[in-house]
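Visitor: Please see the structure below; I have some questions.
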Amino acid sequence: MNKTLYKYFTILVLSLAGGSIYTLPYLKYVFYDTQIEVMNINNMQSGFLITMYALGGMLTYIPGGILTDRISPRKAISYSLFGTAILGLIYAYTMSYSMALVLWFLFAITTAFVFWTSLLKAISIIGDSSENARLYGIYYAGNGLAGAAINGLALKAASFGLDPKQSLFYAVIVMAGCILLSGVLVFVVLKDKSDKSDETSSDDKINFSHVKELLKDPMLWCLSIIVFTGYSIFSSTTYFNPYLTNVVGISVHDSGMFSIIRSYLFYLIAPFGGYLADKVFKSTSKLFVVLFALLAGTFIGVMFLPSTMSATSISIYTLLPGAFGLMLYGLVFSIVRETGIPMKVAGTAIGIASIIGYTPDLFLSTMFGHWLDTYSNSGYSMIFSFLGGMSLLGLILATVLVKKNQLNERKPVTA
């Protein structure tokens with residue numbers, strides 16, 4: 001296999017790995033109602049599974065980053081996939097809530113500990129710096145297609161079940177099988193590649209005074225809260241799934257298909273968002289102003305849809321927040337350069353912003369679940385109002401960033 005063909009084939013294999021591994025911890029994205037029924041739990045308990053997953057991720061974030069530089073991406077990625085598949089098989093044969101709490105915590109170890117950073121490292125060393133952006137674009141597009149295909153297969157397998165428990169069993173087995181296959185492909189295809197650039201010079205080692213200075217920088221907090229709002233929106237569009245079944249009245253199967261489009265196929269929009277930011281708006285923050293405004297409008301609009309609107313039209317409407325949210329989330333870290341944070345500490349800044357930005361997983365699902373359990377279908381209005389508020393907060397901060405950049409452009413250059 002020639003070098004170019006190998007490069008792109010490897011990216012596709014990594015896309016399959018990234019698209020498959022998160023189908024199990026985020027099982028509720030497609031099988032929300034089925035999982036709740038099978039385990040006989042309420043919405044709040046369902047949300048707490050994601051809280052356990054997020055808690056495990058927070059605890060493994062720093063040690064995982066350290067370990068990533070000490071083991072090969074090939075081993076880190078493939079072993080993570082094997083571990084996730086095994087946990088999935090255990091869940092398929094137990095499906096008890098108490099066991100699920102343990103498994104979702106362990107999913108954090110197999111999917112967040114060394115997997116994500118090793119995956120990014122693998123993509124970086126496959127090509128040179130001149131093609132990194134293009135390779136990442138191909139990866140994210142492939143990731144979305146892989147996730148959609150695997151969930152589509154799982155949904156089809158579930159349709160053969162004679163009852164909800166058997167349906168979920170078939171779905172989880174399909175997901176675990178795809179993850180296992182991904183692990184084998186990564187182990188066989190990905191090559192261990194020594195990279196001298198991985199060696200950290202004394203000048204590049206983390207200086208904790210940099211962390212202290214960054215925490216005083218308002219632009220770091222601006223970045224962190226934009227990540228927080230963007231991820232809150234992106235991760236919460238899954239609630240359109242039960243909304244469509246419980247409020248609009250479409251079937252669980254049809255709602256699952258819309259969820260696959262919303263949560264996975266829309267990854268194909270991320271490269272288009274990058275094109276808009278670079279070529280049309282000439283600024284990611286300017287694009288974010290538009291996207292946050294559109295998101296605020298669509299979330300608020302859900303609560304004012306006319307009663308005469310057809311179920312199909314409402315279902316299609318719910319795809320809009322998914323499209324805008326995923327386009328925004330796919331670009332969220334590209335605004336680092338616009339914050340004015342020095343590139344020598346950009347990695348540290350992204351790390352801090354990630355810890356703050358991904359905290360919604362700790363509480364949002366549990367909070368939303370509590371609202372649905374307490375207020376029934378009225379809870380959806382509370383959820384969409386909250387997400388509309390997050391969109392407005394993001395809009396304000398993106399506008400602040402645009403104004404800051406405009407002021408910097410007007411400053412005279414001194415010799």
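Note that the numbers count up from 1, one per residue, in the order the chain is shown.
Cβ atoms are placed via backbone N, Cα and C, with glycine included.
From TrEMBL, for reference:
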| type | residues | note |
| --- | --- | --- |
| DOMAIN | 1-406 | domain 'Major facilitator superfamily (MFS) profile' |
| TRANSMEM | 5-24 | transmembrane segment |
| TRANSMEM | 44-64 | transmembrane segment |
| TRANSMEM | 76-95 | transmembrane segment |
| TRANSMEM | 101-123 | transmembrane segment |
| TRANSMEM | 135-155 | transmembrane segment |
| TRANSMEM | 167-190 | transmembrane segment |
| TRANSMEM | 219-240 | transmembrane segment |
| TRANSMEM | 260-277 | transmembrane segment |
| TRANSMEM | 289-308 | transmembrane segment |
| TRANSMEM | 314-336 | transmembrane segment |
| TRANSMEM | 348-368 | transmembrane segment |
| TRANSMEM | 380-402 | transmembrane segment |
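How about a rundown of where these features are and what they're close to?
Guide: Residues 25-26, 28, 32, 35-36, 97, 100-101, 104-109, 112-114, 117, 354-355, 358-359, 361-370, 372-373 of the same chain lie 6+ residues outside the transmembrane segment (44-64) yet bring a C-beta within less than 8 angstroms of a C-beta in it.
Residues 10-11, 14, 17-18, 21-22, 24-25, 48-50, 52-57, 59-61, 63-65, 67-68, 71, 73-74, 76-77, 80-81, 83-84, 87, 90-91, 132, 135-136, 139, 190, 198 of the same chain sit 6 or more residues outside the transmembrane segment (101-123) yet have a Cβ under 8 Å from a Cβ within it.
Tertiary proximity for the transmembrane segment (135-155) is limited to same-chain residues at least six positions away from its ends with a CB under 8 Å from its CB atoms, namely 7-8, 11-12, 14-16, 18-20, 22-23, 29-31, 123, 126-127, 170-172, 174-175, 178, 253, 256-257, 259-261, 263-268, 270-271, 274, 330.
Using a Cβ-Cβ cut-off under 8 Å and counting only residues 6 or more beyond its ends in the same chain, the transmembrane segment (167-190) has close neighbours at 9-10, 13-14, 16-17, 20-21, 23-24, 27, 31, 34-35, 38, 73-74, 77-82, 84-86, 88-89, 91-92, 95, 122, 150-151, 153-155, 157-161.
When Cβ-Cβ distances below 8 Å are used as the criterion, the transmembrane segment (314-336) is approached by residues 140, 223, 226-227, 230-231, 233-234, 237, 240, 243-244, 248, 250, 254-255, 258, 261-263, 266-267, 269-270, 272-274, 277, 284-285, 287-288, 291-292, 294-295, 298-299, 301-302, 305, 346, 349-350, 353, 357, 387, 394, 401 of the same chain, each at least six residues removed from its ends.
Using a Cβ-Cβ cut-off under 8 Å and counting only residues 6 or more beyond its ends in the same chain, the transmembrane segment (380-402) has close neighbours at 219, 222, 225-226, 229-230, 232-233, 236, 239, 243, 246-247, 283, 285-286, 288-289, 292-293, 295-296, 299-300, 302-303, 321, 328, 335, 338-339, 368, 371-372.
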